[in-house]
Protein chains: 4
Amino acid sequence: MFDKYEDECGVFGIFNHPEAANMTYLGLYALQHRGQESCGISTADGTRLRTHLGSGLVADVFKDDEIFNKLPGKASIGHVRYSTAGGDSIRNCQPIAVDYARGSVAVAHNGNLVNAQEIRNELEEKGSIFSTTADTEVIIHLLARSQSDALPDRISEALRRVRGAYSLVFLTETRMVAVRDPHGFRPLVLGEVDGAYVVASETCALDLIEARLLREIEPGEMVVFDKNGMTSYHPFEERTPSPCIFEFVYFARPDSTVFGQQVYRVRKGFGHQLAREHQVDADIVIPIPDSGVPAAIGYAEESGIPFEMGLIRNHYVGRTFIEPQQSIRHFGVKIKLNAIREVLEGKRVVVIDDSVVRGTTSRKIIKMLRHAGAKEIHMRVSSPPTAYPCFYGIDTPTRKELIASSHTTEEICKYITADSLGYLSLQGMLEIAGAPRGANGYFCEACFSGNYPVKFPRLKSDDQLGLF
Amino acid sequence: MFDKYEDECGVFGIFNHPEAANMTYLGLYALQHRGQESCGISTADGTRLRTHLGSGLVADVFKDDEIFNKLPGKASIGHVRYSTAGGDSIRNCQPIAVDYARGSVAVAHNGNLVNAQEIRNELEEKGSIFSTTADTEVIIHLLARSQSDALPDRISEALRRVRGAYSLVFLTETRMVAVRDPHGFRPLVLGEVDGAYVVASETCALDLIEARLLREIEPGEMVVFDKNGMTSYHPFEERTPSPCIFEFVYFARPDSTVFGQQVYRVRKGFGHQLAREHQVDADIVIPIPDSGVPAAIGYAEESGIPFEMGLIRNHYVGRTFIEPQQSIRHFGVKIKLNAIREVLEGKRVVVIDDSVVRGTTSRKIIKMLRHAGAKEIHMRVSSPPTAYPCFYGIDTPTRKELIASSHTTEEICKYITADSLGYLSLQGMLEIAGAPRGANGYFCEACFSGNYPVKFPRLKSDDQLGLF
Amino acid sequence: MFDKYEDECGVFGIFNHPEAANMTYLGLYALQHRGQESCGISTADGTRLRTHLGSGLVADVFKDDEIFNKLPGKASIGHVRYSTAGGDSIRNCQPIAVDYARGSVAVAHNGNLVNAQEIRNELEEKGSIFSTTADTEVIIHLLARSQSDALPDRISEALRRVRGAYSLVFLTETRMVAVRDPHGFRPLVLGEVDGAYVVASETCALDLIEARLLREIEPGEMVVFDKNGMTSYHPFEERTPSPCIFEFVYFARPDSTVFGQQVYRVRKGFGHQLAREHQVDADIVIPIPDSGVPAAIGYAEESGIPFEMGLIRNHYVGRTFIEPQQSIRHFGVKIKLNAIREVLEGKRVVVIDDSVVRGTTSRKIIKMLRHAGAKEIHMRVSSPPTAYPCFYGIDTPTRKELIASSHTTEEICKYITADSLGYLSLQGMLEIAGAPRGANGYFCEACFSGNYPVKFPRLKSDDQLGLF
Amino acid sequence: MFDKYEDECGVFGIFNHPEAANMTYLGLYALQHRGQESCGISTADGTRLRTHLGSGLVADVFKDDEIFNKLPGKASIGHVRYSTAGGDSIRNCQPIAVDYARGSVAVAHNGNLVNAQEIRNELEEKGSIFSTTADTEVIIHLLARSQSDALPDRISEALRRVRGAYSLVFLTETRMVAVRDPHGFRPLVLGEVDGAYVVASETCALDLIEARLLREIEPGEMVVFDKNGMTSYHPFEERTPSPCIFEFVYFARPDSTVFGQQVYRVRKGFGHQLAREHQVDADIVIPIPDSGVPAAIGYAEESGIPFEMGLIRNHYVGRTFIEPQQSIRHFGVKIKLNAIREVLEGKRVVVIDDSVVRGTTSRKIIKMLRHAGAKEIHMRVSSPPTAYPCFYGIDTPTRKELIASSHTTEEICKYITADSLGYLSLQGMLEIAGAPRGANGYFCEACFSGNYPVKFPRLKSDDQLGLF
């Protein structure tokens with residue numbers, strides 16, 4: 001399905017390009033699916049940083065040509081993010097740009113730290129002030145307090161203090177630095193175009209600007225770009241990498257390559273595996289568009305059951321939608337999806353979704369399918385039950401809200417009123433995604449297994465889990 | 001492909017519903033794909049008409065709750081339309097609402113008249129003034145000049161003067177009238193919800209408001225809704241119906257039923273037929289999303305070649321896009337589509353598009369596919385060559401611009417750099433769409449055959465064809 | 001005081017200037033005080049008319065440079081107007097531009113017709129439709145129905161049918177026409193700049209573009225501008241001119257010359273005369289800014305009582321103002337004006353206002369002055385009691401709302417809680433404004449005397465007077 | 001004249017009022033003349049701070065009713081400020097709200113520190129980061145680094161480090177604190193309404209909300225508002241007060257009382273004194289509106305020469321103004337002012353302006369007056385020559401740009417093409433403003449005398465003076 005998670009974020013950076021701000025704009029455009037609520041671009045012209053930020057889509061925040069005139073310089077970083085509520089949310093936009101003893105620095109961050117509050121408390125005790133609620137500001141404070149002379153040293157000193165997930169791009173007057181945490185939770189790739197280096201959350205951003213993919217930034221790697229070119233560092237203690245498997249399930253765009261794997265291919269593989277694990281006698285396989293499409297194609301291919309588009313998505317769904325006020329009806333999912341009776345009527349239907357969160361949307365979709373005449377509805381989910389919240393950058397609901405945290409598959413099946421329900425097995429998923437059999441460690445699959453690669457401070461109640 | 005035609009328009013009407021304006025808003029929302037540039041809603045409360053219009057998407061023009069407070073009444077009509085240039089385009093928004101001797105009337109129109117200019121000249125000779133460039137205003141003038149006492153008589157008197165395509169919804173203080181031209185060029189359906197009657201261009205609008213489809217408004221039928229219910233008239237000389245086949249090719253939403261046929265099913269049938277007509281030895285079938293998807297599924301099904309999504313569409317493409325200024329690159333289609341190398345590399349690819357207009361976009365897409373590693377590219381088009389402009393409501397390019405008007409399939413194939421190119425045959429298309437074999441007459445396929453069901457005044461040059 | 005009347009409108013036209021649209025923009029800018037709710041500009045480039053309209057101030061509606069690129073041509077007319085309510089108010093913006101048998105024509109109108117409804121009914125009977133509620137549309141219909149070949153004939157034929165107040169500027173593809181009704185109710189002046197002719201409601205518009213005032217357009221005069229220059233006609237039966245005296249009282253900008261008289265000088269003269277008619281023993285004279293300033297200077301000069309600015313106006317008052325919700329206070333006039341205690345305390349104060357409508361604002365201001373310590377408050381009004389509504393272009397309240405229509409000066413004085421109240425006499429006002437003694441006829445002073453120069457259809461109730 | 005200085009700022013605070021945010025909105029509305037580029041409001045509800053900020057006028061930034069719903073709490077502070085360029089200017093809006101070890105704090109600041117950069121460098125050395133370019137952030141850092149337990153101690157500890165001009169309002173979850181620097185450069189008054197305490201830059205803000213003026217916050221005084229009421233502290237070493245005389249010359253609204261003096265009265269006194277110092281044989285006295293009006297009234301009164309409004313101000317001048325592009329004319333001051341020929345023609349005119357900065361505007365106005373027929377033009381300036389930049393909160397041009405810093409009065413007179421030019425003497429100004437004869441110390445008149453009450457770090461070049 002779609003819009004079911006508060007998406008995480010996307011970052012982009014380009015160094016040594018005559019149209020740096022404009023290329024960043026394009027890169028963010030391609031990463032828009034990772035965050036629709038605000039965005040920003042910082043540029044460096046050798047002596048000064050400049051930043052433009054705003055709430056809204058990239059195409060709206062940067063709709064005036066003249067904004068680009070105010071963003072000169074051959075180096076630039078950018079960020080797309082999901083929203084926060086409140087009138088002062090503008091302060092939480094990224095890149096965050098500050099002045100400190102060594103000059104200016106701007107930062108764009110994808111990820112979440114687990115010890116941010118702890119360090120924040122400690123820094124506040126020492127007199128620091130915080131103008132945002134972002135973890136990112138903690139990193140900047142640590143960087144600014146570092147006594148090291150060299151920028152790479154300051155950054156690595158700062159990052160050795162934090163634990164959690166981060167794919168970061170820093171920009172100073174003269175340098176750009178890209179870092180990925182030792183676990184490599186969030187993706188970050190390195191490319192090249194017109195002699196300029198590019199970093200981006202996903203390869204689709206490289207594709208749009210016709211940059212060539214060089215390689216992933218490795219887990220624990222820090223890459224510094226300056227007038228002398230690119231220098232790679234590995235300043236952190238080595239950790240077992242644990243890239244986020246959910247990028248394959250939902251986040252990444254299907255045309256991207258993340259963690260060395262092509263997303264569409266992996267999703268289709270999930271579908272193949274799902275078909276092997278949960279066969280069913282049926283007439284058609286339909287996806288819940290758009291995220292369920294590749295897995296449904298895979299399921300159809302493997303099972304031999306014909307693939308159909310039985311649900312049509314309305315692509316004009318906007319941010320605001322005014323429901324009839326006195327009406328007893330609620331439009332919810334109908335606004336976004338419509339079922340085709342002629343495809344569904346009298347059919348035994350396999351419905352492929354990428355994941356199930358609260359179960360309420362699945363329930364509504366199944367009701368819609370039945371209303372359109374489906375005889376049997378077999379829900380197949382191309383990931384295991386989502387039973388644990390994420391602490392590394394995805395704003396999942398709290399445990400309480402995750403239906404799989406307190407209900408068996410059978411109970412969920414009953415709740416969503418499906419005729420059958422099958423989840424992809426964790427083992428099956430990991431195999432497809434490329435983890436060596438038995439080596440659960442390779443991916444972070446904490447949201448499915450509760451097996452968190454990076455420990456976090458004990459929380460008083462389960463409810464607070466959602467606050468991260 | 002998408003956005004390749006200046007879409008036509010969409011109309012909606014509801015009579016006797018306590019939330020008429022809000023239901024119209026929802027209906028237009030579902031018809032948004034038929035026109036994205038402006039929209040409007042008129043309501044009637046028994047004594048007065050009120051109208052709200054604006055440029056932009058439905059969700060933007062009607063984003064303020066309080067607009068609905070200013071649109072009271074139990075009857076309402078609405079319109080979505082494609083744009084015109086110029087600062088005064090606001091005058092061309094619909095519904096057009098005017099006062100005349102018998103009170104007020106608002107009209108929403110989908111279609112184009114072929115003798116509008118002729119009548120306009122004649123009316124101007126008699127002293128009429130025109131504040132818009134829309135054909136619709138001609139109809140209102142004729143209506144106002146009618147000496148008949150009864151509204152249905154005035155409307156039919158007016159419409160007997162005009163020739164061409166029209167699906168119209170009229171609203172007066174106390175009545176709503178829906179009319180479809182004798183040829184039935186453009187679709188119009190009748191539904192029912194909560195005891196209220198609904199008319200809409202497509203059934204997807206009924207689905208969203210949970211209205212039940214009763215039937216099509218028939219070609220040449222006029223239906224009057226008032227406090228006594230619904231009355232049907234057939235005031236026009238009977239004609240051979242010629243509904244627009246292009247609704248199936250491109251315009252209608254796949255989840256709609258138009259002219260009694262389910263669109264997705266017809267499109268898939270086009271794919272089946274296309275496979276039969278233009279077989280090719282290939283590894284995968286991919287659609288140009290979104291309009292090519294059903295035909296590609298059909299082609300894959302019939303040919304046995306696996307269906308894949310090798311091109312991914314960026315759904316955040318906005319109205320404004322700022323291209324890098326000094327760049328030699330042009331982003332064009334890349335902004336909207338990206339190719340997946342891993343799906344395409346080394347493959348013989350069948351690409352399904354719904355139609356080809358100028359050929360320039362096809363050419364760019366094929367270049368993109370080659371760049372992503374496709375070994376062979378076989379373009380298959382799920383309609384015949386578009387060689388003639390439309391005069392009945394679709395803003396196609398002029399003949400000169402239509403590549404098929406002056407080039408053979410072989411030449412086009414060469415221009416777009418495909419390895420092979422196959423168009424669906426006209427006969428094949430008509431059969432699938434349900435026309436009895438040999439009875440070309442059932443559909444209007446003028447854009448393919450040049451066989452125009454309604455004659456139009458001789459034009460001085462081919463170029464002017466595009467001005468309609 | 002200010003904002004107390006729904007202002008009337010302002011018109012502007014320029015012919016044969018290379019920057020016609022831009023000069024019109026400047027002209028409207030200078031006429032902004034005559035209408036703040038919407039504005040528009042039409043241009044003609046010899047073959048085509050183009051129009052840009054919008055709600056809001058001139059500087060906002062025309063804030064994009066590129067709008068001017070879409071308004072080419074060496075002839076242009078413009079309009080500023082007061083608002084109407086409702087979502088479709090955009091249709092009521094001017095210039096109104098239409099096509100008719102002889103081409104295109106745009107019209108900008110200042111004034112009101114008394115027989116518009118009558119003619120409208122008649123035209124509707126003949127089949128005309130009306131898309132606006134403006135009188136102006138009636139004129140265009142009449143023009144379009146004229147059988148005369150020459151434009152001047154068509155215009156004069158049309159205007160001979162209507163009665164009331166009009167200063168009009170027409171624009172066709174190749175010509176501009178300016179007309180003033182035979183009574184000359186509303187002002188219209190003729191100027192010249194860079195070899196181009198200019199017409200405008202007030203001379204302040206000429207001043208801004210550095211045009212030279214040539215003369216007034218005379219009552220009953222029609223001036224046609226075309227490639228051959230300027231031609232003057234007098235197509236109407238001669239009438240006793242009756243220009244609107246209220247232009248001197250309130251509407252016109254003090255730096256303008258209207259009806260051959262300099263406004264500031266006339267207003268100051270009203271102050272002189274007021275001092276002669278209503279002397280009072282007092283310590284200071286203060287105006288209600290800004291419209292009361294010249295008369296207060298005049299009163300002070302004549303009476304020898306010192307002039308002071310005891311009330312300060314807040315110039316940042318915007319369109320929207322959010323009052324505290326639970327508060328018992330109402331801010332009303334306080335938002336706009338503040339009294340200076342140190343100027344007022346213990347003083348006997350003469351307060352000069354230009355006119356009194358409902359009395360409610362005067363009452364609030366007097367309360368504010370007393371609160372600031374004024375010992376005595378003597379209200380002096382630089383016009384006679386406003387007791388009758390206007391039917392010639394000023395949107396005054398209905399009779400019922402005009403306090404002077406049903407109350408004596410003594411009663412009004414008591415209501416507004418002044419210590420004394422004196423109105424300028426009608427005779428005094430006319431003398432100062434230049435009317436020959438005894439010749440009441442020269443000005444229209446109907447709002448003071450009820451002596452309407454142009455008769456209008458009998459209305460059923462007094463209340464309807466306000467609807468004009 | 002107007003708009004000639006980048007205005008300084010305005011602050012407002014209210015404690016213990018049920019409609020705190022709304023009262024702050026009103027207060028800022030009244031202080032709008034002190035800063036038109038951005039504004040903001042913070043509120044405290046006992047446990048949390050909330051802030052809404054934006055670019056634009058108060059009425060625009062807070063135009064939505066619902067913003068106030070998001071600003072609950074009985075304490076609130078607000079700020080209006082002049083602009084800075086650049087896309088990230090939003091970060092410079094105030095109040096600045098941060099979290100630190102003791103909770104949250106928001107600050108609104110009017111003034112400028114002379115050692116901000118020095119302390120900023122020092123703090124950056126210690127690892128602090130700065131997200132704005134405002135001096136205010138330095139104060140917050142110092143506050144956060146204080147080890148004192150009590151808020152008043154932390155604030156006074158922080159402020160003892162800084163030198164310069166500040167009128168500050170702090171807001172925490174439960175308290176409000178108002179402070180004025182020991183020199184009392186900028187104004188700050190204390191009032192009371194409905195049992196709530198109010199602080200504001202000028203009394204006109206108290207007037208609007210019908211608050212009673214209690215007294216000035218004294219130079220060097222800190223007032224803490226909490227649940228126990230109000231407590232006054234004097235935590236700083238005593239200094240000779242030196243309130244900014246320019247508040248009387250230009251900044252403050254004429255209806256305000258600042259530094260215990262009524263502004264209108266002082267300005268009029270300047271006019272009296274100016275007449276005594278620079279008599280001239282003339283026919284009329286005219287002000288350059290609006291700031292020159294009181295002094296002109298004073299000059300006229302003292303000299304016996306009649307007061308007239310010979311220049312009319314256009315009150316609809318907006319932020320954007322599009323000049324004709326190919327035109328050789330420049331509109332500049334004409335857009336804002338127009339001269340009345342009938343008042344000026346053949347007259348010997350005394351023109352009163354409040355101050356002269358570059359001389360260019362005076363030159364244009366004099367040209368305009370001559371063009372309107374003035375025979376002689378005697379410029380009289382109601383303040384001494386402005387020859388030195390301000391370092392305490394007014395964004396004056398650099399020395400180089402101040403015409404009086406390098407030219408004699410005679411030279412300036414020639415440049416502006418006046419027949420004579422007279423400035424108010426420093427001594428005369430100080431006497432009128434209430435400084436004891438000989439005690440130059442009472443006011444800061446550095447911009448006239450170069451006698452800066454607070455020393456600042458040596459600057460490398462004169463040019464940099466403008467950067468403060």
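For all residues, glycine too, the Cβ spot is worked out from N, Cα and C.
Note that TrEMBL annotation is computational and uncurated.
Since we're looking at a predicted model, the values are computed, not measured.
As annotated by TrEMBL, active site, nucleophile applies to D:C9. Annotation comment: TrEMBL describes D:9-228 as domain 'Glutamine amidotransferase type-2'. Summarising the annotation, TrEMBL assigns [4Fe-4S] cluster binding site to D:C244, D:C390, D:C444, D:C447. Per TrEMBL, Mg(2+) binding site is recorded for D:S291, D:D353, D:D354.
D:C444 ([4Fe-4S] cluster binding site) carries a strand DSSP state (E or B).
Burial estimate for the binding-site residues (D:S291, D:D353, D:C447): highest at D:C447, by number of other CB atoms within 10 Å. In the structure shown, across all protein chains, D:C444 is the one of the binding-site residues D:C390, D:C444 with the greatest number of other Cβ atoms within 10 Å. In this structure, the C-alpha atom of D:D354 (Mg(2+) binding site) lies 14 angstrom from that of D:C447 ([4Fe-4S] cluster binding site). Across the structure, D:D353 (Mg(2+) binding site) and D:C447 ([4Fe-4S] cluster binding site) place their CA atoms 17 angstrom apart. The secondary structure of D:D354 (Mg(2+) binding site), as reduced to three states from DSSP, is coil rather than helix or strand. In this structure, the CA atom of D:S291 (Mg(2+) binding site) is 18 Å away from the CA atom of D:C447 ([4Fe-4S] cluster binding site).
Counting every protein chain shown, the Cβ of D:D354 (Mg(2+) binding site) has 27 other Cβ atoms within 10 Å. In the three-state DSSP assignment, the secondary structure recorded for D:C244 ([4Fe-4S] cluster binding site) is strand. Same-chain neighbours of the [4Fe-4S] cluster site beyond D:C244, D:C390, D:C444, D:C447, judged by a C-beta within 8 angstroms of the site's C-beta center, are, in sequence order, D:F185, D:I245, D:F246, D:Y392, D:G393, D:I394, D:E445, D:A446. Mean pLDDT of the predicted structure over the domain 'Glutamine amidotransferase type-2' (D:9-228): 92.
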